[in-house]
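Asker: This is the structure I have questions about; it appears just below.
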Amino acid sequence: MPVTINLICGAEEDGQTTLSPLIFNIDDIKKLRELGICGILSGTLSSAAQQNIFLSVPLKLMIEEAIWLHLNGLAKFKVLKGDTTQLIEGILDRNAYDIHNLTKERLKISFELQREYKREQHRLKLERLGIIPPETSNETTGDNSPNEKLLEASLFIETPTTSNLLNNIHLNYENGINDYLLHILISQYGNWDNYLLFQVLKDRGYVLAPGGRFGGKFIAYPGDPLRYHSHMVVRDALHYKDQSLDLLELAANARLGTAVKKIWVIGAPVPKNDEMESNKTQSKKDVSFYSVEWAGFG
């Protein structure tokens, strides 16, 4: 079952449409984690809105991750009508009365089920201890007993981890819109060769994350980031034939990589022939990688 990637439409100053891929469904996030797609949690917690250390859904994906998932048949796109915060606030405002009544009714049912379960468990416990005879009904224990007051105090409200508020605010499109949305994602993507680097490393089993904090395009882990240290900092792709590598950049990034216990990796897709082929029509290319490490230092 493909996961659902929600695309938030935006516009730059030059009028170009931009799409930001977000995941709201917890089950989809679990599936992506199993596929080695970690993303970045970007939603604040409702209980502590001012902090930015422990974050919640939505999960924001890199453009490379969204493209890779779609090209491998693992995801489908849905476009939201606008800013999600404004959308959810609008839904709550328009349907406040209905949501209140629905929540009240669900709480009533939940409390009643909890009462029945706890009374039955209490009755069975008293029977095992021999305090009451078997087959005693719950009604005979009395509703005004101290135990009943303790029971009422033990009732709890379950806070769901998922929401279906966004189910009704997607734009409806005909079949084939996914390919058009993919075209928009690719067109806003600055360097298609970076995706080719991502694709090759992903196919080799690496888990990739944004590498800006280490001066690169990606950082690569040999497995789940919660279990492994990242081994590599991958810089932006080079043009194999006509782009030179600055020696100062080489020395600086090699030293940086050594300081943070990472190898600095340079990658470049290799053209198949002398004539440069169109990057965006070529989904597979041979990619050469070179690793640089500062040795004999200090």
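Positions of Cβ are set from backbone N, Cα and C atoms, glycine also.
This is the feature table in TrEMBL:
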| type | residues | note |
| --- | --- | --- |
| DOMAIN | 21-76 | domain 'TSEN34 N-terminal' |
| DOMAIN | 192-267 | domain 'tRNA intron endonuclease catalytic' |
| ACT_SITE | Y221 | active site |
| ACT_SITE | H229 | active site |
| ACT_SITE | K262 | active site |
Asker: What mean pLDDT score does the domain 'tRNA intron endonuclease catalytic' (192-267) have in the model?
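Answerer: Here the predicted model's pLDDT, averaged over the domain 'tRNA intron endonuclease catalytic' (192-267), is 89.
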Asker: Could you state the whole-number distance in Å separating the C-alpha atoms of H229 (active site) and K262 (active site)?
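Answerer: Pair distance, Cα basis, whole Å: 9 Å.
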Asker: For each of H229, K262, count the other CB atoms within 10 A of its CB; which of these active-site residues has the top count?
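Answerer: The residue with the most neighbouring Cβ atoms within 10 Å is K262.
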Asker: Which residue counts does DSSP yield for the domain 'TSEN34 N-terminal' (21-76) in the helix, strand and coil classes, in that order?
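Answerer: Across the domain 'TSEN34 N-terminal' (21-76), the residues distribute as 18 helix, 16 strand, 22 coil.
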Asker: Just the number: how many Å between the Cα atoms of K262 (active site) and Y221 (active site)?
Answerer: 10
Asker: How many other Cβ atoms sit within 10 Å of the Cβ of Y221 (active site)?
Answerer: 21
Asker: With H, G and I counted as helix, E and B as strand and the rest as coil, say where DSSP puts Y221 (active site).
Answerer: strand
